[in-house]
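As recorded in TrEMBL, the features of this protein are as follows:
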DOMAIN    123-188  domain 'PAS'
DOMAIN    236-306  domain 'PAS'
DOMAIN    309-361  domain 'PAC'
COILED    352-379  coiled coil
DOMAIN    386-607  domain 'Histidine kinase'
DOMAIN    635-752  domain 'Response regulatory'
MOD_RES   Asp684  4-aspartylphosphate
Amino acid sequence: MVSSVLEGISYLNNINNIISIYEPLTDSNQVIYDFSVKFINESFRKEFDCENLTHNCVDEIKMYLREYLFSYLKRIDNNIYTLVIRDTVYEVSFSKFAEKYIFCTFIKSKGILSNEKLFIEGRDFIDNALESILVVSRSGEILYGNKKAIETYGYSFDELVNLNIFTLRNEDSREFTQDQLNKALERGIKFKSYHYKKDGTRFPVEVRSIYSNKKSRDMAVSIIRDISDMEKLFKDSKIFSISLDILDDPFVVFDKEMNISRWSKGAEIKFGFKEADIIGNDMRRLIPKDKLNESQKLIDMITKGNVIKDYETVRIDKEENLVNVLMSASPIYDDNNLFFGVVAMYKDITDRKLIEKDLREKCEQLELLKQKAEEANKAKSIFLANISHEIRTPMNGITAAIQLLKLEDINEKQKKYIRILNDSANTVLRLINNLLDMSKIESGTFRINREPFNLKETINSIYNSLLVTGNSKGLEVSYYLDHNIDFEVIGDELRLKEILSNLISNAVKFTDDGYISFRVSMISEDSDSEKIQFTIKDSGIGIDDEFKDKIFNNFTQGNISSMKKYMGTGLGLSISKQFANLMNGEISFESSFGKGSTFIFTCEFKKTNDKKQVMERKNIESDKLNQHNDREDKVILYVEDNLISQEVMENIIKSNGYKYISAYNGNEAINILKNNKVDLILMDIQMPELNGFETTQAIRIEELDGKHIPIIAITAYAMREDKEKCIKAKMDDYISKPFEIENLLNIIEFNLRT
């Protein structure tokens, strides 16, 4: 009888895996693990080199109890021996060590010892287990009970082994109990029931039972767990349990050992496990391997009383598919406020993650398209800058030649041809400027310049142009200037001229007879700034209603027929409106088809009390440029690789009383400076060998004695950033091709005097 009882105890390793039947434990195949090896049978130790036992398989055993694992050990004869771990029992705790262990059974072991010796070596572990353990005969007699069973039922050991299992169950259920015992002896069984203590107390239990002897199968070993707390929890939360099944989202309840104890209908649908199949499983059944550490950290947080809300993580379903979820979890406490378990809700966000993935891919595609667009825009800007340079250089020769011709004694017919040439050249230049401005505005690189200037002089200049062009068409031109305006302002004079020139030239172009009115008024001011309104009114053809909402679009005019008659690119109003916006202003209009139009442009200017810079330029410009008294001694060096430009510049410089020297490139200019006195340098930028920037740098390095020669950049590059590059390169001033001769001479005179 004793031998049989001990043989039954040897099957404790099968209790958590009762469906599979393996060989009995022996001293050669029995090892008890925790984080380090705690117990190894003597024969096992004699046969294998246990000092080098593979410990890292322990964590794997704990995670995958139902899978085959391998441990590689060296035998005493130095041959490597492979052991297959076939069976384990997890989380059987013993007060002796107060830690959790894993019992492992290895296949292909040798050297079977008697079950009596195995019992002697393992008895302390069994006797001190935290769960009740009973060994029961086929007839129901209790043959053995450990300390926990004695404590739970209230009987002494002698009393307990003189009882039968029916005493611990309701005698009325003898037939049912016997049926369960038979099933345990046949294949093993797990079930819930009620047991009675010695004092008559009835309490719920969970029983896991299996036969002890593979051949005779005349005894069953049962591990009995008191589940009173769990049953009370679910009895008290009956409404809560029903509510779980009503909700679509999965709800799962875990006990304090993190085994699944409640499984909602939503969980069954989402994860694929039936409640009967999943209850009692470790929570890790739902967790991917790479999320185990994360899960343990969350458990630690919850057991400390923290609530987890909408934590994004991943779970696995029955088919091992990944399910993206938002998890919310909260601790459960019993009546004594002791931690009892965890309730968790999972919200499937797989669809959302797919949408996010799709969105990320689309964002990546958009980013790629953006990069391509930026590259295309950059290429366009480079192209426009290059084409501008290539056009401006010959245009400079044309316009300069035209200006020189005007100074000659010519007849009226020749003057007419010169006007035609001049108008055509200016049209080409306006088109180039408009294209460059539009490109910079579209790319967001356009910047408004803010410099002091005299507003009255600028407006008078524009009015004088209007007077000439308007009178040439027989139009009546009226002009009003509000004298309350503070005319010394800070702003972008060039853009102001462009806007007003566009608006006025349109008025002249589209008015064949009648009048044009130009009014300038101050509409508001404070101590620092003033708001000016410019009004241009005409009696021209007006704008058709269907085109009014398109008039500020690129390449748009009032109607197709007007484009054929009046010509034009349709860029002027579009660019003017964008300039106005950049200057904290706006352009609006009123128009009736066939009756004329009124365009109103408002703009804000900063006032300036420092008139020194404005007056300095003004005084220089007012000087008579034809006085050569102090110019004959001034030598100007022009560095330019275009021979036509050199010829034109030579005529300009010499005709205004200066001495002239030319250089074809930077190296030639440096050599000239070594042997000649030079008072001012006109520097082209794009040249062979040394460009304008490099040449300027070389010249500045040689100026060690404190002498400084003014260098003025004369370049076909017309972008504002090009001017900034020139100033940064230690040039003194800048003028773009094509230039007005008078403007060039003013800049030369200014830099020679400063």
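Using N, Cα and C of the backbone, Cβ positions are placed for all residues, glycine too.
Fair warning: this is a prediction, and the values are worked out from it, not measured in the lab.
If you count C-beta pairs under 8 angstroms between the domain 'Response regulatory' (635-752) and each of 123-188, 236-306, 309-361, 386-607, the highest count goes to 386-607. For the domain 'PAC' (309-361), the number of residues in each DSSP class (helix H, G, I; strand E, B; coil) is 12 helix, 30 strand, 11 coil. Mean pLDDT across the domain 'Response regulatory' (635-752) comes to 87 in this model. Secondary structure of the domain 'PAS' (123-188) per DSSP (helix as H, G, I; strand as E, B; remaining residues coil): 37 helix, 13 strand, 16 coil.
Broken down by DSSP into helix, strand and coil, the domain 'Response regulatory' (635-752) contains 55 helix, 23 strand, 40 coil. For Asp684 (4-aspartylphosphate), other Cβ atoms within 10 Å of its Cβ number 25.
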